[in-house]
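See below for the structure under consideration.
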């Protein structure tokens with residue numbers, strides 16, 4: 001009985017993945033160095049990348065969010081839910 005209970009606890013922990021935090025890119029370039037990553041805060045389950053053109057060229061903003069941010073017209077956005085997907 002104790003073995004069964006212990007097995008259930010282990011399986012539950014593995015399925016819930018307790019303590020997991022999403023990791024998103026935070027750089028503002030087309031490609032990001034591997035050290036430009038951030039562990040998102042609790043409740044932030046989305047990585048996003050917004051990008052738009054200016055007179056100075058392409059602008060990019062990346063980060064973590066609880067929901068996919070709303071953007072102004074002319075700004076493109078990509079939202080995703082896996083590590084380093086932005």
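Placement of Cβ uses the backbone N, Cα and C atoms for every residue, glycine included.
Among the features that Swiss-Prot reports, disulfide bond is placed at 24-47, 27-32, 40-64, 68-79, 80-85. Swiss-Prot lists 1-21 with the feature signal peptide, giving experimental evidence as the kind of evidence.
Counting Cβ atoms from all protein chains shown, residue 40 (disulfide bond) has 19 others lying within 10 Å of its own Cβ.
Looking at residue 85 (disulfide bond) and residue 47 (disulfide bond), their Cα atoms lie 7 Å from each other.
Cα of residue 24 (disulfide bond) to Cα of residue 64 (disulfide bond): a distance of 6 Å.
Cα proximity to residue 64 (disulfide bond) (within 10 Å) is found for the following disulfide-bonded residues from 27, 32, 47: 47.
In this structure the C-alpha atoms belonging to residue 47 (disulfide bond) and residue 40 (disulfide bond) are separated by 9 Å.
Counting every protein chain shown, the Cβ of residue 68 (disulfide bond) has 14 other Cβ atoms within 10 Å. Geometry remark: residue 40 (disulfide bond) versus residue 80 (disulfide bond), CA distance 13 Å. Comparing the Cα of residue 68 (disulfide bond) with the Cα of every entry in 27, 32, 80, these being the disulfide-bonded residues, the smallest distance points to 80. For the recorded site, residue 85 (disulfide bond), the DSSP three-state label reads coil. Within the set of disulfide-bonded residues (24, 27), the lowest number of other Cβ atoms found within 10 Å of a Cβ is recorded at 27.
In the structure shown, the C-beta of 47 has more C-beta neighbours within 10 angstroms than that of any other entry among the disulfide-bonded residues 47, 64, 79, 80, 85.
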